[in-house]
């Protein structure tokens with residue numbers, strides 16, 4: 001059996017991604033579930049290797065083929081436009097990419113602070129608004145509070161961080177969930193292995209989906 | 001002065017002696033294979049008119065390096081090799097008997113949006129088979145590509161084949177809206193299979209959709225295509241027939257196992273008109289070759305001709321060729337000045353015997369001395 005290497009995103013999606021793999025019956029190394037400083041972990045009997053990476057880098061690792069597969073938010077795919085196959089919507093970590101700002105504040109400088117300059121640029125161009133996009137790497141909510149930018153473009157899931165900082169969600173650009181992605185060469189060379197992995201996850205997602213529906217209809 | 005002050009433009013790379021040697025070796029092996037199949041090498045200028053070759057090229061105009069020529073015409077750095085060859089075939093080679101079998105080694109130039117690490121100069125070695133319609137030519141190209149890859153001792157590799165008409169026919173059979181067909185195709189161009197499937201599931205022809213999804217698996221045997229021969233769309237039947245015949249021909253070469261059909265595989269849709277192929281090899285995350293049938297291009301150069309071709313992306317191919325480059329030992333021949341003439345004669349004798357010899361004056365010596373370095 002060929003080895004499959006999977007890039008896992010650290011942070012927001014990690015727990016849920018791990019859970020969906022485990023629930024679908026993918027043998028996940030114990031160390032992955034624990035706090036660990038190891039970067040590469042293997043499940044030798046299943047010929048699987050996992051490594052942890054920054055979410056923004058997952059798509060890069062997969063594009064260059066050092067990972068065959070990766071789990072990554074759609075937000076990263078929209079931002080990075082990497083040349084990878086987007087195989088499966090894992091329907092985990094749902095959230096929105098939104099424009100947020102201070103309530104009742106008139107736009108003064110048209111400046112947008114964001115971790116997603118490319119998404120922001122495209123969005124404002126599509127609605128015909130001229131803005132200046134400022135790239136930040138974290139604590140985006142700070143920008144309107146201290147006057148760096150009028151508004152921000154960022155990920156919103158519950159909206160708690162926004163509320164705590166007195167910001168409101170103004171517009172939703174798009175909704176995102178996490179995706180299974182594949183390197184182009186791996187997908188064509190290891191198609192049997194990857195299709196098997198894909199089926200395993202897909203069946204699990206469908207089962208879970210219909211369970212949720214049952215629960216809702218009760 | 002620090003090297004930064006005289007660095008080269010972004011996207012361009014020098015080739016070190018070790019890599020240059022490997023590149024030449026791989027090019028020589030490819031030339032040998034192509035020549036032995038009756039293909040002849042051609043070379044075209046690095047600059048072409050934007051108005052003619054630039055416009056006809058499969059590469060979008062915003063990716064071309066432009067400059068102004070001496071007669072004030074807009075020029076481009078050759079963005080691909082196929083369009084210049086079409087220009088050449090329909091001008092100075094117009095009286096040559098068809099079909100023409102041609103090959104080339106050339107750099108092509110493309111500006112890159114994402115600057116970091118992306119190349120602007122790409123090395124390509126490729127072939128064009130001009131004036132021959134139909135599956136015979138397509139199959140010849142696939143077989144040639146496989147033979148060439150074997151000659152370069154490429155790691156485990158696979159050619160993936162798609163067909164523009166097969167995909168178009170399948171999509172048209174489940175969805176009459178032109179707009180939705182375009183949307184579906186756009187998802188495939190972006191390689192967003194999630195979006196593609198989600199939109200398919202919204203369509204009413206559930207049976208047809210299920211059939212398409214069933215075909216979206218690695219089709220590594222021609223038997224998977226056979227059900228399509230009784231499809232209601234004549235476009236689908238025709239394309240499926242072609243792919244099956246290509247597969248049959250490749251089986252006679254003993255190459256059937258190198259092929260997978262992926263109905264979702266798409267090249268530039270305004271350019272390719274039939275079969276489209278990409279090649280992948282172990283250890284490289286990107287395609288090592290791409291190509292296909294392009295029957296519309298030659299019409300733009302005054303004479304419509306069917307044509308098919310492919311190009312190896314040498315930067316990627318070189319990473320996966322397991323050619324052992326033998327480090328040839330170098331000999332240094334030291335001589336005192338008065339013995340120069342003898343030294344030159346000795347060096348010639350050694351070189352003729354296959355040694356690599358560097359001559360070096362050393363007036364401390366009283367006689368010729370040579371040793372491996």
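Positions of Cβ are set from backbone N, Cα and C atoms, glycine also.
Of the listed candidates (B:66, B:110, B:264), TrEMBL assigns B:110 to the same L-histidine site as B:80, B:81, B:82, B:124, B:128, B:271, B:272.
Each of the binding-site residues B:271, B:272 was scored by how many other Cβ atoms lie within 10 Å of its Cβ, and the smallest score goes to B:271. On the 0 to 100 pLDDT scale, the domain 'Aminoacyl-transfer RNA synthetases class-II family profile' (B:24-278) averages 93 in this prediction. Most other Cβ atoms within 10 A: among the binding-site residues B:80, B:128, that distinction falls to B:128. Other Cβ atoms within 10 Å of the Cβ of residue B:124 (L-histidine binding site), summed over all protein chains shown, number 21.
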